[in-house]
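Enquirer: Features from Swiss-Prot:
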DOMAIN    360-642  domain 'Protein kinase'
REPEAT    94-116  repeat 'LRR 1'
REPEAT    118-140  repeat 'LRR 2'
REPEAT    142-165  repeat 'LRR 3'
REPEAT    166-178  repeat 'LRR 4'
SIGNAL    1-22  signal peptide
TOPO_DOM  23-288  topological domain 'Extracellular'
TOPO_DOM  310-664  topological domain 'Cytoplasmic'
TRANSMEM  289-309  transmembrane segment
Amino acid sequence: MRSKYFCSLALVLGLFFVSCDGFASNEVQALRRFKEAIYEDPLLVMSNWNDPNSDPCDWTGIYCSPSKDHVIKINISASSIKGFLAPELGQITYLQELILHGNILIGTIPKEIGNLKNLKILDLGNNHLMGPIPAEIGSLSGIMIINLQSNGLTGKLPAELGNLKYLRELHIDRNRLQGSLLVAGASGYQSKVYSSNSSANIAGLCKSLKVADFSYNFFVGNIPKCLENLPRTSFQGNCMQNKDLKHRSSSQCANAQLVKTHGSPSAAPKHQSAQMVAKHHRASKPKWLLALEIVTGSMVGLLLLVALFSAVHRWNNRSTLIIPWKKSSSEKEKFTVYVDSEMLKDVSRLTRQELEVACEDFSNIIGLSADSQIYKGTLKGGSEIAVISLCVKEEDWTGYLELYFQREVADLARLNHENTAKLLGYCKEISPFTRMLVFEYASNGTLYEHLHYGEAALVSWARRMKIVIGIARGLKYLHMELDPPFTISELSSNAIYLTEDFTPKLVDFECWKTILARSEKNLRNISSQGSICVLPNGMESRYLDVSGNIYAFGILLLEIVSGRPPYCKDKGFLIEWAKEFLEAPEAMSGLVDPELKHFNQEDLETVCEVASQCLNRDPTNNNNNHNKPSVQELCETLESRISLSISAELRSSSLAWAELALDS
């Protein structure tokens, strides 16, 4: 009798602990499954998830409800984590925001995401996800923002998207999605998004949708009437019938239609069967066995607590381990870095609130790296802007980083040339911690997008020559006319933005990498003993990589002429491929982009000559390049031997028909 009583008591206590710990046994377990699916975490952002006794609400990227009983937000963006999306994420049913933007997530989007009925923001953009968009996303009845841009998603849009009547932002650009966005209904005004065998009326979706981007996929058909209020750039780079859009080439569209979409081997059947087996297994257990398991589990838990107490005791008595590159908050307060207050007196300072309004709550992301995010926005006066936001935490910000940030702002503010992006201002705030740069926005996208994602034929030979000379003039200005000189951190076609009339603008969006690298290099100069660290007048200035810029310009010239990227998995490096054409003048025409109908042989020879001179330099050693042509000489060669008459006419008009008329 007594044993039965104790068993019942143990059962009641066990059930009490289980019910009190419902948060831990459900949502925390799902978070741990997500952590297990991440196999690389180079920045150690999830390192504090490993402590079994820590509060999940204190884990990096986890935000809980005010009562701390549910997870309502997961934000681990731009953290370089590699892995899969665990299906168990669908068990965190109180989740309102799932933001995993800018990582290296692979595999498919699990259908279990559709279980998150409270989700308002789903941001999986800029990853390596594949396969179709699961139809279960249509079950996210309260969703307001979906961002799946810049992945490898395939298939057609699921018809169930028509159920999302509160969706106001949809970003699915830069994937490999196919199918039609619209089939006109009987009235001519109803729009339908088609899945494989069904369609759904998205009239409600059209009413709610304020921002959308379908560009650079393989969609066909026409733009839905209810989406005609969106910018035309939201549909460019597809295979649609609208003549006023920049389309993919006919060969790309034809190939896309021939390729059958085979999703990655889905693990759903196996996963589903495993769930059914587990469910059956649980249902078949007798009650006495369940009670025994609870008692055993409690005893194991007690032993774990004793072991944990012992480990904590030993940890508190451990010898101190000093990590040289980490400083505690108390150590950070021991020194101060004095910065010249006059340094930024002539540069406009904008508030975070101003930029938040201009960039629509920082939702319009146009670029991302491990160090920064780039947003597009519009100021009150109507000026379009590109805002670079540094991805760094306040506790990681040092006096040296602050100095380098201000020097970078002052350096960029010096630039004033037709072929360099203009810095409009900066943002610096403490709460929330913010460091941003604000540039004028070139509305025609990057050179890389035009050459490799858009309709390359629209960038005719005349326009390409105009871009070549514009880049050369920009580099000449930066290297030769500025005092002190200025170099682009990573010169590539992604760093060349184009205006409506195809004027190139050199932009240094990768300057953060230089700032962080130089800060770490100088960190050893900070004395932990002294109370003040005064920066010497001779402190190193902006790192000048003139030879690297000129070498990169040579690669750019080949990329512009050929339409090929610097590296392609199937065809290798552009430089290696181009060698045979550069060394044999009679075969030089083989370099030219096949998308071009016309080109000028003399211009081609000039560009190839300059490219060869650039590539013959040593990009790692400025001292070995004294006898090589300077950027001024290279620019003069291009300007004197390439006719600018066509480019001059094109400059007065940004319409494509003007160029076509000149070509004919």
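Start at 1 and count along the chain as shown; that gives each residue its number.
Cβ coordinates come from backbone N, Cα and C, glycine included.
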Enquirer: Averaged over the whole of the domain 'Protein kinase' (360-642), what is the pLDDT?
Expert: 82
Enquirer: Could you tell me what the rest of the chain brings near the repeat 'LRR 2' (118-140), counting residues at least six beyond its ends with Cβ under 8 Å?
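Expert: Distant contacts of the repeat 'LRR 2' (118-140): 72, 77, 85, 93-112, 146-164, 171-172, 177, 195, 261, 263-264, 266, 365, 368.
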Enquirer: Do you know the DSSP helix, strand and coil residue counts for the repeat 'LRR 4' (166-178)?
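Expert: For that range the per-state counts are 0 helix, 6 strand, 7 coil.
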Enquirer: Reported in the order helix, strand, coil, what are the DSSP residue counts of the repeat 'LRR 3' (142-165)?
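Expert: Summed over the repeat 'LRR 3' (142-165), the classes give 5 helix, 8 strand, 11 coil.
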